[in-house]
């Protein structure tokens, strides 16, 4: 059985991963206000943008899980960063329009709910991965745990389609 509780890490490797995780998404968030406003909410192009985000989620997970080399895994991490940046700018902007389209008492909580969900996702995702890879719990390998997470883009797509007034 593969031992998954030990990992050889150097400070440089952690820093490189954090750079690949931060810079692409941050760059997208900086330049997206110049062109994303041209895609109106409720249009067919917005549905394509949502499909692109879900596809990038799947691509990032599969590429990172199945990577045979560090550069390929880092490229998967950068795709996840781009996906996160595009998703954040897309759905935060949608939240601003959401209040005009749904039951009014719910509308004033839209942004705070989005913010809380984003923060909770980071914590829950970390604990879920830790639980899946812990030898005393589920004991999956890193690859298996990441592939199990492929259910999340499907849930994400279903949630958007079933709750969005724009779908």
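Every residue gets a Cβ built from N, Cα and C, even glycine.
The transmembrane segment annotation in TrEMBL covers 12-36, 48-67, 73-94, 114-132, 138-161.
If you count C-beta pairs under 8 angstroms between the transmembrane segment (73-94) and each of 12-36, 48-67, 114-132, 138-161, the highest count goes to 12-36.
Counting Cβ pairs closer than 8 Å to the transmembrane segment (114-132), the top stretch among 12-36, 48-67, 138-161 is 138-161. For the transmembrane segment (48-67), the residues of the chain that approach it from at least six positions outside its boundaries are 39, 73, 75-77, 79-80, 82-83, 86-87, 90, 142-143, 146-147, 149-150, 152-153, 156-157, 160, judged by C-beta separation under 8 angstroms.
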